Amino acid sequence: MTNICIVGAGGRMGRTLIEAIQQAEGLDLTVATERAGSSLIGADAGELAGVGRLGVAISEDPAAQVAAFDVLIDFTRPEGTLAHLEICRKAGRAMVIGTTGFTEAQKQTIREAAKEIPVVFAPNMSVGVNLCLKLLDLAARVLGDEVDIEVIEAHHRHKVDAPSGTALRMGEVVAEALGRDLAQCAVYGREGHTGERERKTIGFETIRAGDIVGEHTVMFAGIGERVEITHKASSRMTFAKGAVRAAAWLKGRSAGLYDMQDVLDLR
């Protein structure tokens, strides 16, 4: 049995993760936390997630309960995630990171910690999205520099980072396949008199509206035809199930930085 800690347990993703753990075999929710001062402290995690009483009370500090879990799953905010990462590093616990919006310096902190503990770090835990990453690599290599490439993503009104981590990862995969540096070729949004499109750029467009769970399309547009690879998520459960699968996969792994391509054996 793999014991799991969910941080941010009272949020939309946290509750879905609790539900996903209850549906999975070989996993047990033993710790669930919320930010200090939250009105949810003391509530039963199962009742909060709508899966019935589990006997796991929402608490404040995962550091005080490291002996009770093997893997910590985090879909919170970058600053909080790094604090939880340090807790896991000191205690020798594995971690699944689904948080997005990290700076390059923060990503380096994750890479350094992964030299000591096993970490799955992926902007999207969905099996479908990770299959799309493989398809994008293939499409980019086949279509090459003959097409214009655009990444369009849409999420709910509450998402705070843009473009999404998934959109950026899709752009990275395409850029790497074409031998480009995304930092040098990315164009984020367009406004005013932009002039003719520069060849070999990768464009990003962002939509924030309503309750859209997550939609991503990468367009390879040539003359006379275009190819579009699209993923649409209709429920957060697809991300939660992927994260839970990653947590189960991590148990017993050696220290290292992994992603969902590793978990799904898509390398």
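Glycine is treated like the rest: Cβ placed from N, Cα and C.
The NAD(+) site in Swiss-Prot is built from Gly8, Ala9, Gly10, Gly11, Arg12, Met13, Gly98, Thr99, Thr100, Ala122, Pro123, Asn124, Met125 plus one of Glu34, Glu150, Glu153, namely Glu34. In sequence order, Ser164, Ile207, Arg208, Ile212, Val213, Gly214, Glu215 make up the list of same-chain residues 6 or more apart from His155 (active site, proton donor/acceptor) whose Cβ falls under 8 Å from its Cβ. The Cα atom of Arg35 (NADP(+) binding site) lies nearest to that of Gly8, taking the binding-site residues Gly8, Gly10, Asn124, His156, Gly165 as the candidates. The shortest Cα-Cα distance between Gly8 (NAD(+) binding site) and any of the recorded positions His156, Lys159, Gly165 is the one to Lys159. Annotated pair Thr166 ((S)-2,3,4,5-tetrahydrodipicolinate binding site) and Asn124 (NAD(+) binding site), C-alpha to C-alpha distance, rounded: 6 Å. A simple way to gauge crowding: the CB of Gly10 (NAD(+) binding site) has 21 other CB atoms within 10 angstroms, across all the protein chains here. Considering only the recorded positions His156, Lys159, Gly165, the residues lying within 10 A of Ala122 (NAD(+) binding site) on a C-alpha to C-alpha basis are Gly165.
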